[in-house]
């Protein structure tokens, strides 16, 4: 008897040009990945399977004019992926501000059916770029330990073009979001 897939809905945010769509293309099956990436206008919905999880990811445009749309997709999500361009030092204050705004939204603050809060997976992307901040430096600069409160979170250094850190991040997300949302696969008992 086959196991059914755990279904997770995830919103993926981050400023423009941080690498969100490229990260998605790393985890999607090869035949559905696009090698030509353009800036996301508004949002894209990506559905794919990874392991025993069927993901629906709302890949949100990061340009300032589209950030107001992010909150439209917070309802019924199981997790947030936030991609930070670790080499874009000038906009880290904007990143922090967007995270703060997100954490104030009632759909992000709510308790999930499995107990706990919406988990956040952060990618410190473009780690290979000259002058890129490390994941640990970003935790400090963005004050994530304080900001995140009781939301489970982790930050992975990543290079979306090569896939470095991406699959590890999604493995954490699969485990944590499935448990937090009460959608974990097989129940034991």
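Numbers run from 1 along the shown chain.
Quick reminder: no glycine exception, Cβ is built from N, Cα and C everywhere.
In the three-state DSSP assignment, the secondary structure recorded for residue 21 (Mg(2+) binding site) is helix. For 14, 15, 16, 17, 18, 19, 20, 21, 62, 125, 126, 127, 128, the entry in TrEMBL reads GTP binding site.
Summarising the annotation, TrEMBL assigns Mg(2+) binding site to 21, 40. Other C-beta atoms found within 10 angstroms of the C-beta of residue 21 (Mg(2+) binding site) number 21, with every protein chain shown included.
Spanning the residues 14, 15, 16, 17, 18, 19, 20, 21, 62, 125, 126, 127, 128 that the record associates with binding GTP, the maximal Cα-Cα distance equals 21 Å. Highest Cβ count within 10 Å among the binding-site residues 20, 126: 20. In this view, residue 62 (GTP binding site) is surrounded by 24 other Cβ atoms within 10 Å of its Cβ, with every protein chain counted. Just so you know, the Cβ of residue 14 (GTP binding site) picks up 25 other Cβ atoms within 10 Å once every protein chain is counted. The binding-site residues 16, 128 differ in how many other CB atoms lie within 10 Å of their CB, and the one with the most is 16.
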